[in-house]
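These features come from TrEMBL:
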- Cys111: active site (ACT_SITE)
- His146: active site (ACT_SITE)
- Ser163: active site (ACT_SITE)
- 279-293: compositional bias 'Basic and acidic residues' (COMPBIAS)
- 241-307: region 'Disordered' (REGION)
Amino acid sequence: PFFVNRGGLPVDEPTWERMWRHVGRIHPEGERVAQRIRGAADLPKIPIPSVPAFQPSTPIPERLEAVQRYIRELQYNHTGTQFFEIKKSRPLTGLMDLAKEMTKEALPIKCLEAVILGIYLTNNMTTLDRFPISFKTHFSGNYFRHIVLGVNFGGRYGALGISRREELMYKAPVFRTLTELVFDFEEAYRRCWHTLKKVKLGHCVSHDPHSVEQIEWKHSILDLDKLTREDFRKELERHARDMRLKIGKGTGPPSPTKDRKKDVSSPQRGQASPHRRNSRGDRRPSGEKKPADSKAMPDLNGYQIRV
């Protein structure tokens, strides 16, 4: 059953609260049924997937395959219940804590959870660049959204993730350009009778698991209804070039960590911060950059006193 973890261990309280709210709506006696199942001694034990561990000499492509294999073993969450609440505005350190919880509970996951888990499991691969890629598609009068973790190793692009469709998740790092990778996803969508409408590309994610910076989920927003095929290709190449320049120049100070953070406002990027160029909105189809909103403040509760 979806409301117990694979090891038969109690799920943490916040996760249980979310599950009970859902169970109570669809099954009035859901709690009683759950307790009866949890108390049964004759249920077979479901194997818990092992978090991949690597030797220092293990090549990066083999590590990526092992990470993707682990994500697959957790299985896709078809229950309709979101087991792990992911707020994109949370600092990276909070999302990494959530990823640890995922490995502990070993519950089925969806695409956004797979991205967070992929970041967590590749943090020690410092030669690997990671960045989110989001897709919006149209099929049969409805819109659908999906996200994967784009990766770049040795100048070759690939992706990690999970999906109902085999061709919309893992991509080995064999694509010479970011354009080839995104076009491959577009072709996969076409085979599923989906029309790609938008692509959102984020910037590279820090390898510091204690960083209180936020993940930049949508540095570039590409609307295919407003772009010609050639413009679409140029924007993808421009985003890839921006990521290379940001990494190559090494501009800006290191990512702030919990140990160095002196005040709550430190994660907020100031106007002079090199991590966001003021001209970015002028160079992207997404339009002007939105003004700072107090609701977008990183969720720093619980991180000020941790070491």
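Cβ coordinates come from backbone N, Cα and C, glycine included.
The distance from the Cα of Cys111 (active site) to the Cα of His146 (active site) comes to 7 Å.
Spatially close to His146 (active site) yet at least six residues away along the chain are Cys111, Ser134, Phe135, Thr137, Ser163, Leu168, judged by Cβ distances under 8 angstroms. If you draw a 10 Å sphere around the CB of Ser163 (active site), it holds 17 other CB atoms from the protein chains shown.
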